[in-house]
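Notes for the one structure printed next.
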Amino acid sequence: MAYLKIVLVALMLVVAVSAMRLSDQEDQDISVAKRAACKCDDDGPDIRSATLTGTVDLGSCNEGWEKCASFYTILADCCRRPRG
C-alpha cells in the first residue's frame, strides 16, 4: 500500500511539473542578451566618457573580428570588427 502511495505522488508531481512548463514560443520570448558593449583599449581612459566600441563575445572573438582589449578573461573577450 505504501508503494502505491509513492507511485501516485510521483505521478502527480510529474503531471504538475509538465503542466507548468512554458511552451517553446514563451521560452523564445524570454531572451537573454548575448552581447553587450565593452571598452576597447583605444576608447579612452575614462569608462564614463568613453564611447564603447567593443562587443563582449563569450568564449573568444568571432571569425573576422579582433580582440581590442588587453585584459584577459576566461569567459569572454572584448572584440570589434577590424578598422580599415
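Even glycines carry a Cβ here, placed using N, Cα and C.
Residues annotated as signal peptide in Swiss-Prot, with sequence analysis given as evidence: 1-19. Summarising the annotation, Swiss-Prot assigns disulfide bond to CYS38-CYS78, CYS40-CYS68, CYS61-CYS79 and lists similarity to another entry as the type of evidence.
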Rounded Cα separation (Å) that holds between CYS61 (disulfide bond) and CYS78 (disulfide bond): 8
Rounded distance in angstrom between the Cα atoms of CYS68 (disulfide bond) and CYS78 (disulfide bond): 6
Determine, from DSSP, whether CYS40 (disulfide bond) sits in helix, strand or coil. coil
I'd like the Cβ neighbour count for CYS61 (disulfide bond), meaning other Cβ atoms within 10 Å of its Cβ, all protein chains included. 18
Report the member of CYS38, CYS40, CYS78, CYS79 (the disulfide-bonded residues) whose C-beta atom has the most other C-beta atoms within 10 angstroms. CYS78
Between CYS78 (disulfide bond) and CYS40 (disulfide bond), what C-alpha distance do you get in Å? 7
CYS38 (disulfide bond) to CYS79 (disulfide bond), Cα to Cα, whole Å, comes out at 8
